[in-house]
Amino acid sequence: MLKNDLFLRALKRQPCSRTPIWVMRQAGRYLPEYRAVREKTDFLTLCKTPELATEVTIQPVELVGVDAAIIFSDILVVNEAMGQEVNIIETKGIKLAPPIRSQADIDKLIVPDIDEKLGYVLDALRMTKKELDNRVPLIGFSGAAWTLFTYAVEGGGSKNYAYAKQMMYREPQMAHSLLSKISQTITAYTLKQIEAGADAIQIFDSWASALSEDDYREYALPYIKDTVQAIKAKHPETPVIVFSKDCNTILSDIADTGCDAVGLGWGIDISKARTELNDRVALQGNLDPTVLYGTQERIKIEAGKILKSFGQHNHHSGHVFNLGHGILPDMDPDNLRCLVEFVKEESAKYH
């Protein structure tokens, strides 16, 4: 039995004594303890070494006091498992080779055996689960098909997604064949993560806002829905969070995937999202990460606004406090500790 199951209870919209909190990228460079581990190795080796991935996954639980751990990994391990070479250089960015630009390129990609190609993530999950010893839940995750598609086709990050959009608009069938292959891998991968001990899954669609509403409904949401439905068919008790960054105008469509929670960016008032979705899913978010550059007093004010905006909980509401995107590397860990402690104390009165 979990000693602290608030995160899972909130996702399932069950009564909680207070609002749980965790933070995207909580295992990361803002923590000196993470930097000490990272100095000894490169980023992908850290992801692929279960002992090290476990150590940095647990750091924010012990050092910051968050209510959930998220396995330390990267969304691009999926692209690598499918056959692209991935290089992540923190100062220079991300490179994938070869970029996928033709049907022949797509045909060369595989839907991998997850145990064989991504076994190191599963090992890290099992090891972390053991080390956590039921203190808090453990989150597994994957990038969404659209976001991984953009990296695959562009061969890295992009400002305008020119190659990805060209494929969409010139060769829509080709785009769908690549998205489908990526989606099959994501589904198999997330199911394996649950078997390895993940208590919840988050799907990150980091580049969701690159698409119009109509295109998002065609090229992104169906694949997210496929994964969510596959998880729900096999593991109905495992909550799924969908974080489609800055898609504030189609929250209802995101909820229609069957997910348990919708992650929000900071560009929408959480009360508006709650009203629109009418408590049919839990909400996660949505403090602007740059608030953590502020004074601790200001951090409390801004966090308090979100708690107040979400408002009083009822028997079918759920809120997981988080940032609207990942914590930035140069932030003061004491400011995150301040946020975590404040949310724990202040949120009780809304429950």
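Note that Cβ sites are derived from N, Cα and C of the backbone, with glycine treated the same way.
Record check: Swiss-Prot places Arg25, Gln26, Ala27, Gly28, Arg29, Asp74, Tyr151, His325 at the substrate site, and the matching candidate among Ser206, Ser212, Ser252 is Ser206. The Cβ of Tyr151 (substrate binding site) lies under 8 Å from the Cβ of Leu76, Asn79, Ile94, Leu96, Gly143, Gly157, each of which sits 6+ residues away along the same chain. Spatially close to Asp74 (site 'Transition state stabilizer') yet at least six residues away along the chain are Phe43, Leu44, Cys47, Ile88, judged by Cβ distances under 8 angstroms. In the three-state DSSP assignment, the secondary structure recorded for Arg29 (substrate binding site) is coil. Of all Cα pairs drawn from Arg25, Gln26, Ala27, Gly28, Arg29, Asp74, Tyr151, Ser206, His325, which the record names as binding substrate, the longest spans 23 Å. Look at the Cβ of each of the binding-site residues Arg25, Arg29, His325 and count the other Cβ atoms within 10 Å; the largest number goes with His325.
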